[in-house]
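Taken straight from Swiss-Prot:
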type	residues	note
BINDING	Gly119, Ser120, Asn121, Gly122, Lys123, Thr124, Thr125	ATP binding site
Amino acid sequence: MKECKTFNNKKVLILGLAKSGEAAARLLSRLGAIVTVNDGKAFEENPAAQSLLEEGIKVVCGSHPLELLDEDFAVMVKNPGIPYQNPMVEKALSKGIPVLTEVELAYLISEAPIIAITGSNGKTTTTTMIADVLNHGGKSALLSGNIGFPASEVAMTASQDDILTMELSSFQLMGIKDFHPHIALITNLMPTHLDYHGSFDAYIQAKWNIQNNMTADDVLILNAEQDQTKELAQKTQASLVYFSSKEKVEGAYQEDGKLFYKGEYIMDAQSLGVPGLHNVENALATIAVAKLSGISNQAIAETLSSFGGVKHRLQKLGTIKDVAFYNDSKSTNILACQKALSGFDNNKVILIAGGLDRGNAFDTLIPDIKGLKKMILLGESAEKMKEAAERAGVGYLEAKDVADATRIAFEQAQPGDIILLSPANASWDMYPNFEVRGDEFIESFQQLKGDME
């Protein structure tokens, strides 16, 4: 851990706990800061706050009292999910208090160089792919950030021989100041989290913060297929490398079903361990990072051919009576479902879809679902998805939940078929999050498998 005197004897307010807030509180305390933690959850139900109090850190729980900011805080470190319209955040900003996120702290103390990955879709899969390839190629890559391992916690023990492979959300990137990765990757940009950012332009700007401090000695990797790329490319000091599944570019690309980097053949696309056009794109982005990091073509190809996916992201669960099950519960929008379907022959696919009704029409999904063997529909959006199925000429059945849908799908399946959970909708009408939805699918698969044995 690098020496950092920035916060020594400075009052710092941590707004919101969760994993990142807890990690930030411990790090700042270690750096000599006078830390106060404020979390909305009651103290009695808040084991993280209880633990921090035992360590001598001041905690204020159960509400967010504005008068707390009457103290002379030098910095606020907020949970990324707390919006900037929050009264505490607004008051801090009005008083001129810098509002940071925990990844900024990670950068300030990290001895390890940082590879930073952001984007609308594919962040977690690509971050995991990159770490796996780097590790197989002889590097020491440490997963961190929005992937479940607080960046500041990982950075505390990372050495200069490690590489922090960091997944970053737009929320986290709004709270950086000096953050400076050596390699940064933007997988793609789609209009998401608009309720938080207010507009697509504001969302893009948040993502673009990733390159704010990069220089010509650093490399920014961009998706050449994105409409915004040409304009954004003119606004960075970083050196540029591109990836594309559709055209030859200065970087990583697909040509005639083969993956290349600057003219060097890496592997066949069909040898990738995970299906779908989106995973070709994820692999190309990974290849760009790997080649820039000095990894051999052999190590890249070996890792990507054996990569089995990430939980809830087109994760292959296995087969029952030669029927394959894929869990893509992270598919919370139409684009994610389209990309999942691109990896399969539709006439063998039984698609489980539906969820929170956000007012979407599913017209854009119609070309992608044509020829499906069957659709099993559930949730608030089922009625609208029925209309899309009818227009695509696809038969459908209804289910009351994912477990019911899994059973119905298996009853419809024949050997060689694929049962794909790729909802194209958020989960919140029926489940707390996509993970719980996906876990129900996994449990249903395991129960069916047990029943067949």
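Cβ coordinates come from backbone N, Cα and C, glycine included.
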Listed in sequence order, residues not in Gly119, Ser120, Asn121, Gly122, Lys123, Thr124, Thr125 with Cβ within 8 Å of the centre of the ATP site Cβ atoms: Ile117, Thr126, Thr187, Asn188, Asn282
Most Cβ neighbours inside 10 Å, all chains, among the binding-site residues Ser120, Asn121, Thr124, Thr125: Thr125
Count of other CB atoms lying within 10 Å of the CB belonging to Gly122 (ATP binding site): 23
Cβ neighbours of Gly119 (ATP binding site) where a neighbour is any other Cβ within 10 Å: 25
Three-state secondary structure, Lys123 (ATP binding site) (per DSSP): helix
For Lys123 (ATP binding site): intrachain residues, at least 6 apart, with Cβ closer than 8 Å: Ile117, Asn146, Glu167, Leu168, Ser169, Thr187
